[in-house]
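Report on one structure; see the data block that follows.
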Amino acid sequence: MPKRSEEMLADLWTSLLLMWITCALHVSMAPFNNQSKSLQTGSGGSREPSEGQRILSRAKRGWVWNQMFVLEEFSGPDPILVGRLHTDLDVGGKNIKYVLAGEGAGTIFAINEKTGDIHAMKRLDREEKAEYTLTAQVINRDTNEPLEPPSEFTIKVQDINDNAPEFSNGPYHATVPEMSAVGTSVTKVTATDADDPVYGNSARLVYSILEGQPYFSIDPNSADIKVALQAMDREMREEYLVVIQAKDMGGHMGGLSGTTTVTITLTDINDNPPKFSKNLYEFTIPEDLGVGKPGGKVKANDRDVGENGRSTYSIIEGNERDFFEITTDPQTQEGILRLKKRLDFETQKFYALKVEATNIRPNAQLDSVGQFKDTATVKVTVEDCDEPPVFSRSTYTLDVHENATVNTVIGQVDARDPDITGSQVRYFIDRHTDLERQFNINVEDGKITLAKPLDRETEMWHNITVTATEVKNHSQISRAIIAIRVLDINDNAPEFATEFEAFLCENGKPGQVIQTVSAVDRDDPQNGHSFLYSLVPEMLNNPNFTIKNNGDNSISILAKHDTFRRQKQEMYYLPIIVTDNGNPPMSSTNTLTIRVCGCSREGIVQSCNVEAYVLPIGLSMGALIAILACIILLLVIVVLFVTLRRHKNEPLIIKDDEDVRENIIRYDDEGGGEEDTEAFDIATLQNPDGINGYLPRKDIKPDLQFMPRQGQNSGPNGVDVDEFINVRLHEADNDPTAPPYDSIQIYGYEGRGSIAGSLSSLETASSESDQNFDYLREWGPRFRRLGELYSVGESDKET
């Protein structure tokens, strides 16, 4: 028999035994109930009970149970008996009826109306509903009148172990550090059982490990998973799959069980030191490798991960001259050997370095013996290369006086080939830095000479670049910067700082300062400028002005008297000699212009012009301006008068502002025809034989309709140009719609019958062609005349 069937049968027998004990107790207590009732109904002797006492005695009843039990999941061929209802009124011969109402009445539970037996009609599930509340009542079968009030009771569904434990949150994931001690808690899992936790052991769970031993253990009651094995190493195994079982019935035989999985991952700790893949590394580095460039790589492997696996590298031996450094690549965790200085094969050909790798985050508990580091030896061999020449200095500073002569040697540069071969060196000036070709250099010894004269005041510094090239290998070039400073000599005379112009008041006082004069010098002496001012020798006894030294390289010009007048002399010129303190000293003569002006009493200049004293006496500037204004007004009046007179003489017949008073049109065009102009129909003059009628004027729009005379028809050979022009002139003179002015038109018409004849072969009399030119008449008016000409030619030929 299956295990689940055995468990259900055992539970059924247990329920039946409980029901039998309950029924036995009820039978044994029945006499006491009847005695109690008889006592209640029969109390008070022979006295008749009152109406209230009848009601109370009628309401008194004696149900057998007020709580019943039914076993869940019971399924049999017949409905299962839940229990029996019985009242004291149910005695022999009574016609009573039991009625059931409430939860599940008539559907889940049914009652026998006569006996009061209650049967379960369906299979019940305690996990779906554990308790039902119903109401029982006894009524008269004939009248359906209640014999007593309804009474409420419950039917409880008795649990059986029909639900297995479940892990609702599984599967689980947990982590624990590697090398954790035995008993270290990892995680806790929880299972649930839908059976009744109060009744029996159906919901009492016990946990155990089906898979995952001997690495982990679990507490059978709390389901706490713990480490069970010492020194579990992540580098050996990182992940474990643990199967947990939960079993009900306290773990006894016959209980139901459920399982789940827990994936436990060991997290890393720094328990492994870095380790070089080999003890000796050998690199060959060319001597021309640039500073900061990598020369080789080393690698120390660490079995740890993340920050625990990161290492830092250092050179602990062999780098006394500080040629090398080693850095850590953050991506590959490699140690990169770089140059801090340029190597020189000729100086040192071999280096032996000792490199150490150390964990960034060592384990304090395990590093007491210094095991979280490792060392390796790095041998560096310097490879010889063809190096460019090396200057003795990268920058040279040379001094030269600005008066140095051409071809003067101003300095020398020196470069050598650092290689063992020792190739000769040639020197050149980079002309991009000496566009003026101010300097030259000796290609063999590097002496720099002056090619052109210098001027410090034009350019004080010259920066040129000199290149040194090996004779054997022209591609090996090095450069040096030459800064040439031009030293000053006293080659510039001092001069006035600006173009000074002084103003002298007529009413000035003797000794008055007219102007303060200063000088500048383009030279730059070491001790600063010191200027000496003096008047030219021929003006040492100048009666009008004198000079005064101010002590700050400037002078003041003073007036000697107060009798200056513009009427006598408007301007004075005072030449002054300025001399510097150079060796030898330089001097120049500068002229100061002094203008005599009229000033106010306060000494403010008002006028310095000549016209101030050439005007008549008593005529002020305001009067002069008034006279000029009157003259301008008279000129304006005259111009307006002349303009009005001219407008008055013009004809008043013109109504349109756009009309032209004289219209001279000349046509001398050899273009395409009559479409070339619009002033007149040129076809009339080109072919006057076919014109008959009146051509309207196009230069005006007539107000009256003028009927021209009827023209006479002229034959093809009867054209008279003079008569034609006269007729047109007569019509224009007698046209009332024409304006009163002449319109001259020139017609370039040569007429007919030229004595030169035609140059065309079409009219040649000697032609023997028999062509018929009548088709030209069908081509339209443009070719009609041409057809007539050829037709005439044919008729003349026949004649």
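Quick reminder: no glycine exception, Cβ is built from N, Cα and C everywhere.
Copied over from TrEMBL, here are the features:
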- 87-167: domain 'Cadherin' (DOMAIN)
- 168-276: domain 'Cadherin' (DOMAIN)
- 277-391: domain 'Cadherin' (DOMAIN)
- 392-496: domain 'Cadherin' (DOMAIN)
- 496-618: domain 'Cadherin' (DOMAIN)
- 1-24: signal peptide (SIGNAL)
- 613-642: transmembrane segment (TRANSMEM)
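The predicted model assigns the domain 'Cadherin' (392-496) a mean pLDDT of 91. Note on the domain 'Cadherin' (87-167): DSSP counts are 0 helix, 35 strand, 46 coil. Sorting each residue of the domain 'Cadherin' (496-618) by its DSSP state yields 7 helix, 54 strand, 62 coil.
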